[in-house]
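Trainee: So Swiss-Prot lists the following for this protein:
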type	residues	note
BINDING	Ser94, Asn110, Val111, Arg112, Gly260, Gly261, Arg262	substrate binding site
BINDING	His98, His108, His147, His177	divalent metal cation binding site
ACT_SITE	His108	active site, proton donor
SITE	His177	site 'Important for dimerization'
REGION	242-277	region 'Important for dimerization'
Amino acid sequence: MAHPHLDKVKEYLLDLQDRLCDGLAAEEGDTAFREDSWTREAGGGGRSRVIENGEVFEKGGVNFSHVFGERLPASASAARPELAGRSFHAVGVSWVLHPRNPHVPTAHGNVRFFIAEKEGAEPVWWFGGGFDLTPFYPVFEDVVHWHRVAQETCAPFGDDVYPRFKRWCDEYFTLHHRDETRGVGGLFFDDLNEWEFERCFAFQRAVGDAFLEAYVPIVRRRQATEYGERERDFQAFRRGRYVEFNLVWDRGTLFGLQSGGRTESILMSMPPLAQWQYCWTPEPGSPEARLADEFLTPREWLEEAEA
């Protein structure tokens with residue numbers, strides 16, 4: 001069966017992976033991404049690119065995957081019973097950057113496409129994706145820049161798109177067991193098929209193409225900020241919360257593991273170092289306390305910037 005939609009999306013995603021790696025490697029200097037191609041026995045494969053022990057990025061990865069099969073994993077079909085009995089293709093690029101300097105935020109993003117088919121029925125398809133920022137020592141102007149790029153990305157598709165997907169991002173990237181957000185949000189969307197295919201695909205491309213514009217200026221502004229053991233310890237502590245979200249709440253991690261995806265690539269998003277301290281709380285009024293007090297609850301960043 002021909003997959004004209006799938007072929008177009010896959011071509012874009014492979015190109016996006018190349019451009020993301022080139023743009024991020026340009027900030028790093030001597031350390032390069034190494035590529036690891038893999039195949040999935042049940043159908044499909046991918047191309048993982050990882051950077052480690054860099055001067056800027058302590059660890060980072062940009063992963064392309066295309067998996068397919070004759071039946072969906074339980075994590076997908078349980079919530080969507082109409083998908084039962086359908087073959088599927090899932091294709092996407094996901095990326096995460098864990099900088100060495102605690103003043104440079106961690107960043108994550110992905111764009112993906114899913115299609116499920118069966119004989120005699122219309123295909124079921126949708127897009128998903130977004131990007132989100134996780135600072136440890138946040139700077140208001142950085143957060144505003146991040147959200148302004150997100151808003152400008154969404155604007156051609158309707159005035160309601162940024163507020164809706166910004167709110168969805170705040171809700172999705174929440175550690176419910178901690179009652180805090182993972183970071184300062186950005187954009188998140190899933191099950192996007194409310195427009196015709198070409199418009200949905202154009203939106204996905206806009207989101208993927210906007211990431212470097214949103215992130216690289218922040219990296220450049222904060223990379224030279226001095227830090228010491230205290231800041232690195234706090235970074236490791238907050239990275240522990242990042243791990244908690246990925247293993248407890250993230251649907252993409254669950255889908256990847258249940259669908260027989262490649263474990264090394266799925267867990268590529270994990271930070272290189274993390275730590276947990278029993279009942280630790282930052283000193284009131286400290287820069288560390290400011291993160292939770294001011295930044296880990298949803299805010300209307302752009303409205304505040306214009307006030």
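We count from 1, first residue shown onward.
Glycine too: its Cβ is placed from the backbone N, Cα and C atoms.
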Trainee: So if I measure Cβ to Cβ from Ser94 (substrate binding site) and keep only same-chain residues at least 6 apart in sequence, which ones fall under 8 Å?
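Mentor: Set apart from Ser94 (substrate binding site) by at least 6 residues yet with Cβ under 8 Å, we have Val62, Asn63, Ser65, His108, Gly109, Asn110, Arg112, Gly252, Met268, Ser269.
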Trainee: Across all chains shown, how many C-beta atoms besides its own are within 10 angstroms of the C-beta of His177 (divalent metal cation binding site)?
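Mentor: Result for His177 (divalent metal cation binding site): 10 neighbouring Cβ atoms inside 10 Å.
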Trainee: Roughly how many Å lie between the Cα atoms of His177 (divalent metal cation binding site) and Val111 (substrate binding site), rounded to a whole value?
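Mentor: The Cα atom of His177 (divalent metal cation binding site) is 27 Å away from the Cα atom of Val111 (substrate binding site).
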Trainee: Using a Cβ cut-off under 8 Å, which residues of the same chain at least 6 positions beyond either end of the region 'Important for dimerization' (242-277) come close to it?
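Mentor: Contacts of the region 'Important for dimerization' (242-277) (Cβ under 8 Å, skipping residues fewer than 6 from its ends): 36, 38, 40-42, 46, 48, 50, 52, 58-59, 61, 63, 65, 67, 69, 72-76, 90, 94, 96, 98, 106, 108, 110, 134, 173-178, 182, 233, 236.
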Trainee: Round to the nearest Å and give the CA-to-CA distance linking Gly261 (substrate binding site) with His98 (divalent metal cation binding site).
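Mentor: Computed Cα spacing between Gly261 (substrate binding site) and His98 (divalent metal cation binding site) is 23 Å.
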Trainee: Taking every residue in the region 'Important for dimerization' (242-277), what is their average pLDDT?
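Mentor: The average pLDDT of the model in the region 'Important for dimerization' (242-277) works out to 87.
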Trainee: DSSP on the region 'Important for dimerization' (242-277): how many residues come out helix, how many strand, how many coil?
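Mentor: Helix/strand/coil tally for the region 'Important for dimerization' (242-277): 22 helix, 0 strand, 14 coil.
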